[in-house]
Amino acid sequence: MAVERTFSMIKPEGVRRGLVGAILARLEQKGYRIVALKMLRLTPEMAAAHYAEHRDKPFYQDLINHITSGPVVAMVLEGPGVIAGLRRLMGATNPQEAAPGTIRGDFALETSDNVIHGADSPASAEREIALYFTPAELG
């Protein structure tokens, strides 16, 4: 299986609830290497760029308001099959449907506060990594 890179973000409620360490531990225990990591607070412009594909959806403004409500932890992960593997480890978007043992199944409280984001495709991973990290930050 090819080594890939993907983008992931611990959302504001994950930071607020003190889950950063537990989530990072799960990612590393899975064998994923953290290539780059930073804590930041998204501006509305950064959030709009991140959620550009949802711009015309009725929930768009709620996404923007939520993701800018507090600091996030943005990261780049690397490993064989990391894009699909991270999606499995995160669990279903709706925490009520997420299996126990997944990050959302164990930590998320509701769909709007589902603790973690992960790129859903190689193209999304590339786009999102470029939004948050410079080539120099990626080593």
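Glycine is no exception: its Cβ is also placed from the backbone N, Cα and C atoms.
Source: prediction; values computed, not measured.
Sequence-distant neighbours of H117 (active site, pros-phosphohistidine intermediate) (same chain, 6+ apart, CB under 8 A from its CB) are S8, M9, K11. What Swiss-Prot lists as active site, pros-phosphohistidine intermediate is H117.
Look at R87 (ATP binding site): DSSP puts it in a helix. Other C-beta atoms found within 10 angstroms of the C-beta of R87 (ATP binding site) number 17, with every protein chain shown included. Annotation comment: Swiss-Prot describes K11, F59, R87, T93, R104, N114 as ATP binding site, evidence class sequence analysis.
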